[in-house]
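Trainee: Just passing along the structure, written as structure tokens.
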Amino acid sequence: MSSLGPTFGAAFIGLVVSAIMYGLTLLQTFHYYRTYTRDPRLIKWWVGILWAADTLQLVLCTWAVYWYLVANFGNRTNLGIPHWSIELQTDASTTVGIGVQLYFARRVYQLSKNKPLTGAIIFFAVVHFALGAYFTAYSFIHKTFASYRNLIWVSCVGLGSAATADILIAGSLCYFLRKNRTGFARTDALITTLMAYSINTGLLTSIIATTATILYAAMPNNLVWISVFWMLGKSYINSFLAMLNSRDNLREIVQPKDGSIVQLSHIRDTVARESYAAKNVYTYPMDATKTLPPPLEVTVEMATEQRTDYVPSMGSSTDKADLA
């Protein structure tokens with residue numbers, strides 16, 4: 001191992017940034033369980049499992065940095081030995097990654113009904129997860145950081161697969177959402193917002209995965225790459241929770257509170273007078289002094305209020321709002 005700066009100094013910086021991102025995860029998880037109480041139990045369990053895996057990864061990363069920098073302070077011999085916690089954190093991160101990618105793969109299939117496309121997304125997600133498990137197993141067998149140089153291909157293929165899955169998800173959602181434009185302002189605004197969410201989600205995670213891959217391939221003898229990799233799982237779960245928690249805001253685009261009552265008063269007078277004149281033009285042909293009764297005015301008010309925490313299908317504009 002090289003000096004502490006590019007090794008555990010970089011890992012410490014990655015830990016601090018990951019802890020900040022975990023604070024956002026906690027906030028979004030709390031908001032989800034408090035707001036969407038009527039979501040299906042499966043989705044609630046899905047959120048809980050991903051949160052637990054993300055929490056476990058942060059605990060493992062924290063323990064690893066503590067073990068190297070505090071418990072073994074001054075013991076440079078142990079700096080070249082991977083601690084079990086730094087080995088296991090890879091599996092926790094890839095668990096979060098595959099969980100989020102499978103969720104979005106399901107959304108892509110609901111929107112497109114395209115089995116080959118969905119299968120490709122699932123394939124790359126599974127490759128990412130499987131190679132993460134291989135990385136962990138190899139680390140337990142070869143007890144030196146120097147052996148990590150033999151895993152460059154694992155990192156490149158695994159993280160490259162994760163980035164490919166993210167790009168496919170973002171591109172597919174944008175393409176099929178764009179095809180569902182209706183020409184109505186509110187619905188199109190909703191679709192545009194969903195497209196922006198999809199692009200931001202796939203772009204962020206793919207950039208982080210690609211950056212970690214490049215750093216690992218270029219500098220396999222230090223831990224700069226791992227400081228970026230530790231942020232990947234946090235990016236996945238935060239993008240996932242952001243999509244879930246945005247559903248109420250998306251519904252406001254389609255059904256704003258100030259537009260829930262539609263009044264037809266702007267046409268009622270014209271329609272009423274024209275209708276009355278047409279029916280009574282010959283009723284009083286010679287009686288100019290006869291006072292006509294005031295025209296009948298009809299006011300129509302329609303109030304619609306709909307709130308659905310989760311809609312499993314994708315058949316309507318409300319379903320598109322639930323794409324999040």
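Keep in mind that glycine also has a Cβ here, set from the backbone N, Cα and C atoms.
Grabbed the feature section from TrEMBL, which reads as follows:
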- 162-248: domain 'DUF6534' (DOMAIN)
- 12-33: transmembrane segment (TRANSMEM)
- 45-68: transmembrane segment (TRANSMEM)
- 88-105: transmembrane segment (TRANSMEM)
- 117-140: transmembrane segment (TRANSMEM)
- 152-177: transmembrane segment (TRANSMEM)
- 189-217: transmembrane segment (TRANSMEM)
- 223-244: transmembrane segment (TRANSMEM)
Trainee: With DSSP helix as H/G/I and strand as E/B, how many residues of the domain 'DUF6534' (162-248) fall in helix, strand and coil?
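Mentor: Reading the DSSP string over the domain 'DUF6534' (162-248) gives 76 helix, 0 strand, 11 coil.
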Trainee: Can you tell me which recorded stretch out of 12-33, 88-105, 152-177, 189-217 has the most Cβ pairs within less than 8 Å of the transmembrane segment (45-68)?
Mentor: 88-105
Trainee: For the transmembrane segment (88-105), could you work out the same-chain residues 6 or more beyond its ends whose Cβ comes under 8 Å from its Cβ atoms?
Mentor: 46, 49-50, 53-54, 56-57, 60-61, 64, 118, 121-122, 124-126, 128-129, 132-133, 135-136, 139, 158, 162, 165-166, 169, 173, 201, 229-230, 232-233, 236-237, 239-240
